[in-house]
Amino acid sequence: MRGEGARGRRSNRGGKQAGRKLRSQGRDARAPRAAALRLLSTMTQAEIKLCSLLLQEHFGEIVEKIGVHLIRTGSQPLRVIAHDTGTSLDQVKKALCVLIQHNLVIYQVHKRGVVEYEAQCSRVLHMLRYPRYIYTAKTLYSDTGELIVEELLLNGKMTMSAVVKKVADRLTETMEDGKTMDYAEVSNTFVRLADTHFVQRCPFVPATENSDPGPPPPAPTLVINEKDMYLVPKLSLIGKGKRRRSSDEDATGEPKAKRPKHIADNKEPIPDDGIYWQANLDRFHQHFRDQGIVSAVANRMDQTSSEIVRTMLRMSEITTPSNAPFTQPLSSNEIFRSLPVGYNISKQVLDQYLTLLADDPLEFVGKSGDSGGGMYVINLHKALGSLATATLESVVQERFGSRCARIFRLVLQKKHLEQKQVEDFAMIPAKEAKDMLYKMLSENFISLQEIPKTPDHAPSRTFYLYTVNILSAARMLLHRCYKSIANLIERRQFETKENKRLLEKSQRVEAIIASMQATGAEEAQLQEIEEMITAPERQQLETLKRNVNKLDASEIQVDETIFLLESYIESTMKRQ
């Protein structure tokens, strides 16, 4: 009996020690949760800072002040914005015009006739992606497509005729003397961009509203018919691009002051007046997503598999909405007919590849029926989930090492694990495994779930399971990416500001050399002008250029991660 009592006391003492240990674990588990709540409350601060930097860089201080004020406060009427920001009404109106022109602010008329303006934070953040949009257009539609998209992004909204003329003039500037760019060629590229939905019409004021005899509404109501969004007006644009002349002369070589006034003021009517176009950013995002899926399939399997997936995505890029979880079902026969000519694979081999893709654990491709040789879809939501998970794994490996990455993948695979199970499955000593788990827990890459056996939540009668909440981890990583890009932009601005004098001097020297070359100066004279920049200054310029290029490349890389995480979060939220 005495022995049993001693054993009971020892077991109680052990239970108390375990309870104390688990209570400390519970406190440790609550700490990351509190950190996560703080993260959600400050998450908008990182976005606001980034929006502020982007608006200031693209549009200046006044537009940045109005835009950030609207992002912070939500929708507000004109006079309240002017009062709160301490800006004159005229300046607020001009700033709002700029923001509306670039689709960064929308307006809404309330029942009492008050017009309120609301900032589009996500649209402001998309300004980070402007270089990618332009490069994509260049890749798909050569230099002409690149300049069309660039003009639309720079101006927000433009008529087709204005875009065609501006792009033709710019292309003519870069051509050899005697060569010009036809308006018709630029117009054809514009039509191809509209056919593939990379550019779209802007909403317009209906004619009935203009003809209404009553008092005008506080703000016009814009409408758009979905059928007409990509309908290109039939324009007979005849002409060629013009080269820029000096400011004192026009294209005829006659000074402006000597031209008759009626000739100067005689403007031709715009053939497509009132039909404005803008870049369709959702379509570009769809292209980026498709490229990411194709690359992932190529890395996992082979080039032929990725080409089959690319063909399926290309076939459904117009018919499938950008936010759909699946593509439209495609039959094996349709896919076979749409494969590129260079891929000489038989129908039997294609069916084997499709079966292989459908049986893959990642489930990028799914089978939805047996008609037409088999119906297949691409599971876009699962593909985005796999890409986001791979990004998280990569970040864990880079930040904490390969052993942490092994634990992270293990918890991902098994869904829920106790600490002892993690140690056993990962084959890592208990102390090291515990340290790694707590490190990832404190950084919000993994979370701790409490499952009590009894209602009192006593630590000794509670299971503590480690799990990975991919959505929560993706949001945390997205927040850090916003902070990283803001830091990169600030660093680039600092580098440029520190070397402002040297940059201005370099630009002046380049302008002098260009003007002297145009007038046929000798090589010795040009050499003398080039020597105005000393060897140390030239070296400093090279260092600055290298640093700025690195920062720009880093911005683009971080934005790729941002795009992936945003796409996954948006897709997940729509399914919930």
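Quick reminder: no glycine exception, Cβ is built from N, Cα and C everywhere.
Among the features that TrEMBL reports, compositional bias 'Basic residues' is placed at 8-24. For 253-270, the entry in TrEMBL reads compositional bias 'Basic and acidic residues'. Feature annotation from TrEMBL assigns domain 'RNA polymerase III subunit RPC82-related helix-turn-helix' to 49-108. What TrEMBL records for 188-386 is domain 'RNA polymerase III Rpc82 C -terminal'. Feature annotation from TrEMBL assigns domain 'DNA-directed RNA polymerase III subunit RPC3 winged-helix' to 392-468. What TrEMBL records for 1-30, 239-270 is region 'Disordered'.
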Its residues classified by DSSP, the domain 'RNA polymerase III subunit RPC82-related helix-turn-helix' (49-108) shows 45 helix, 6 strand, 9 coil
Averaged over the whole of the domain 'RNA polymerase III Rpc82 C -terminal' (188-386), what is the pLDDT?
77
Across the domain 'DNA-directed RNA polymerase III subunit RPC3 winged-helix' (392-468), what are the DSSP residue counts per state (helix, strand, coil)?
46 helix, 13 strand, 18 coil
